[in-house]
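The following features are taken from Swiss-Prot:
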- H5: active site (ACT_SITE)
- H41: active site, nucleophile (ACT_SITE)
- E25, D27, D84: Mg(2+) binding site (BINDING)
- C45-C51: disulfide bond (DISULFID)
- C47-C189: disulfide bond (DISULFID)
Amino acid sequence: WIMGHMVNNIKQIDEFVNLGSNAIETDVSFDKKANPEYTYHGTPCDCGRDCLRWEYFNDFVKALRTATTPGNSKYDKLFLVVFDLKTSSLYDYRASEAGTKLAKNLLQHYWNNGNNGGRAYIILSIPNLKHYKLITGFQQTLKDEGHAELLDKVGYDFSGNDDIGDVQKTYEKAGVTGHVWQSDGITNCLLRGFTRINAAVANRDSANGIINKVYYWTVDKRQATRDTLDANVDGIMTNYPDITVEILNEDAYKTKFRIATYEDNPWETFKE
């Protein structure tokens, strides 16, 4: 999966898909009442990027629905969306409420209340393990609204670079048994080693691990892309999807990796 990083403005959806992204990451900020408010990152952000692009969350989600509905030219090119949920602005006790409000919002504006809505898979990426009740609030709301089937399209990620064992324990608390992506990374302005990504890959490949897929961020340089592929990740989050495509076409990688398609299930662990 080639994950376009920090896609917060409607025009950027086209821009990143045209460069080769089949997935995008979008930042979601919340108001004081735990409503998703803007798709916005703010400063500081990755080197070489405009940190201030934004939309109202509802407007972005409606545009995303259009892009990921059959009949749209992007439909079979963009099929995974990571919502990077900026919950650090919320009190811990608001996490469940944020999950409820996010679910209601996506149900209405993205899934069109279950009536021919957007088809992309969604990952809820949460920066704080203490906010695991966002997941339970989200799940319960879709069930209460009569749309438990939409949870088939939803996965989870804790993005705080916590110890993998602690992440697994938190999923157990939340009752999550699958649909788990694990991120690891750092801004493109800095370097980060592969110790934790290797631990995440080991969990993914072990019999009793909870992780289904692993992705690394933010990978912009050619050598960093090669090093990341050598770590056997499933996804690369990048500001330059065209560079990822270029490296995947190199002899060393083109037989080992392929770019995911709509038919690939992002919740299935790949077995060699």
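Every residue, even glycine, has its Cβ placed from backbone N, Cα and C.
Positions of Swiss-Prot features highlighted on the structure.
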| residue | record | Cβ contacts under 8 Å, 6 or more apart |
| --- | --- | --- |
| H5 | active site | E25, D46, R49, W217, T218, M237, T238, N239 |
| D27 | Mg(2+) binding site | M6, N8, T39, Y40, H41, D84, K86 |
| C45 | disulfide bond | M6, C51, T187 |
| C47 | disulfide bond | T187, N188, C189 |
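Listed in chain order, the extra residues whose Cβ falls within 8 Å of the Cβ center of the Mg(2+) site residues E25, D27, D84 are H5, M6, V7, N8, T26, V28, H41, V82, F83, S125.
DSSP assigns E25 (Mg(2+) binding site) to a strand in the three-state reduction.
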